[in-house]
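Below is one structure; the comments refer to it alone.
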Amino acid sequence: MAIRETWATRIGFILAAVGSAVGLGNIWRFPFLTAESGGAAFLVAYLFLVAVIGLPVMLVEFVIGRESKQNVVDAFPEIGAPTWKFIGAIGALAGFVILSYYSVVGGWVIQYMVGSLTGGYAGNAEAFFGSAAEGTNALAYDLLFMAIVAAIVSFGVRDGLERAAKVMIPSVVGLLVLLAAYGATLSGASEGYAYYLSPDLSTLVGDAIALLPDAAGQAFFTLSLGMGVMITYASYLGEDRNMLRDSLLIVVVDTSIAILAGLAVFPFLFAQGVDPGTGGVGTTFVGLASAFGSLPAGQVVGFVFFAMLFLAALTSAFSILEVIVSFTIDTFDVDRKPATVAIAAVIFLVGVPTAMSLDYLTLYDAIANRILLIGGGLLLAIFGGWFYASGAREELQKGMPGGETLTTAWIWILRIPVVLVLAYVLYTGIIEVAGIVAGM
Ligand code: PHE
Ligand code: NA
């Protein structure tokens, strides 16, 4: 077996992990879910779950990855827990499902980049979304997006992932700040901010609890948790890193970018009089395209926005493919390039229904976020909190001398609150998905 690569620079790991986290989850999924869930109460539930559930589960992935230095599946036997290998298998399965439709949405983004330049969506945002989102256009651009992702992954960790993330992440942040600032000058800005940021305090607790399952799915999706991305990335990591500090940084950056995306999207939606509650998966695209289409320099702003979204989606998509490729290379002792091409082809085929119909896209999205990632997170919390607790503590403390109290708190948060909340969310997810299937 080849010697395992490590990150070329310290900042390389952070950038790649942030690159995985920041993506369509922040800029497409977070705004549309927040919009359709009634706004600020969803934001509150989401922020709570990111901090209380997301961060502890991310640390479990980090300790498993760094101690084992293995792919998602072999990580478990390597740290003395061979029976837990199936967590890695669920992770790989989640990767197939997520990337299969993630690349469809990535393909929409490419169509919107082109549409910005040609003026294709100006004045007919609904119709443009209709022809872009399902059918042969969606399928063709899905394939294009997938091919670009596979090309990057085939270059390997140091030359591919790290180099790409270094350029992409700073540009994403810079462009979003510009767009949010631009949005602030629009006439709908204050209405948008009110919907997005001021919860109805009299019903907040009940609303937030009702939104917990959706918010949990979003928290896992946006932080790339529950399927072993962070196991895989931490497997390339040296012993001296303070992983609590690293994970805090990743969570703060990802969350800030989601909040920033909302600050950009909601003013545009309200300036256009778009009803935020009705759009579903198309909200972000229809709302923004109709906004861009009618603004002064709209073509330029639109192109900049979608180019940025494309970059963010790429860094996330290749993290998903990397999980599966890394496992395949180690297990079957094959070369990176053929492994990457073969896996990308299978994922593309799995995603064909999601390119042909939004109903399938919604179904895959629910299976991934409400069942597979949450189930993976639940198992990781049980494993890390109960079965591997002493190993986990020791590994976390390596780069964090004197952190005994914090590690103890972490283990207990995993053991009880995280396990209980995720078990409940998984239960609601199974009911939700069964309902979607029954209604198809
Ligand atoms: N976190 C990514 C996003 O927000 C999506 C993702 C999910 C990436 C799961 C990897 C694993 O877009
Ligand atoms: Na994200």
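Yeah, the Cβs are placed from backbone N, Cα and C, and that goes for glycine too.
Under the heading transmembrane segment, TrEMBL lists 7-28, 40-65, 86-110, 138-157, 169-196, 216-236, 248-271, 277-295, 302-329, 341-364, 371-389, 409-438.
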| Touch test for the transmembrane segment (248-271) and the transmembrane segment (7-28), at least 3 Cβ pairs under 8 Å | yes
| query | Counting only pairs at least 6 apart in sequence, do the transmembrane segment (138-157) and the transmembrane segment (371-389) share 3+ Cβ pairs under 8 Å? | reply | no
| said: Counting only residues 6 or more past its boundaries, what in the same chain has a CB within less than 8 Å of a CB in the transmembrane segment (7-28)? | reply: 102, 105-106, 109, 157-158, 161-162, 164-166, 168-169, 172, 176, 218, 221-224, 229-230, 233-234, 236-238, 241, 246, 249-250, 253-254, 257-258, 261, 265, 284-285, 308-309, 312-313, 315-317, 319-320
| note | Among 40-65, 169-196, 277-295, 302-329, the most Cβ pairs under 8 Å with the transmembrane segment (86-110) come from 302-329
| Stretch of maximal Cβ-Cβ contact with the transmembrane segment (216-236) [cut-off: under 8 Å; candidates 40-65, 277-295, 302-329, 371-389] | 40-65
| said: Can you tell me which parts of the same chain pack against the transmembrane segment (371-389), counting only residues 6+ beyond its ends and a CB-CB cutoff under 8 A? | reply: 53, 56-57, 59-61, 63-64, 79, 81, 84, 87, 90-91, 93-94, 97-98, 216-217, 220-221, 225-228, 411-412, 414-415, 418-419, 422-423, 425-426, 429-430, 433
| query | Excluding the flanking five residues on each side, which residues at least 6 beyond the ends of the transmembrane segment (277-295) place their CB within less than 8 Å of a CB in that stretch? | reply | 27-28, 31-32, 35-36, 38, 108, 112, 115-116, 119, 121-126, 128-129, 132-133, 265, 268-269, 271, 301-302, 305, 358, 361-362, 365
